[in-house]
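Trainee: TrEMBL lists 34-118 with the feature domain 'Immunoglobulin V-set'. Taken from TrEMBL, the feature signal peptide applies to 1-17.
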């Protein structure tokens, strides 16, 4: 049996015109083989890299995993860890970023289109904690 993998890229912020390169563009491999898909870009402040899978006939993208500054052991989502997926690369510093998606022991469930995406880190600014004395003051004034 032969496995077909198609590779594309996404960027999380099209307005900046960041160019994300993913290779190879397409692969055909035999069952049991291993593949490496490579993603890189030159935008130093885009320290997040995400990988997605889109199965044939499906509209939804499934998140395979992501790295922020680095790829860790838990960078791959649990369902994909069980399916022989692994991520590696260097997302640190203010330099070009590169990452790889490895798929070991290919089988027919790996036939899909794979997308790489890059993003700036998203910071969530939490509202300040409510004044613990405010509620007490309101209740006592009633």
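Each residue, glycine too, has its Cβ placed from N, Cα and C.
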Trainee: Summarise the domain 'Immunoglobulin V-set' (34-118) as counts of helix, strand and coil residues per DSSP.
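Mentor: Tallied per class, the domain 'Immunoglobulin V-set' (34-118) gives 7 helix, 43 strand, 35 coil.
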Trainee: Over the domain 'Immunoglobulin V-set' (34-118), what is the model's average pLDDT?
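Mentor: Summarising the domain 'Immunoglobulin V-set' (34-118) by its mean pLDDT gives 90.
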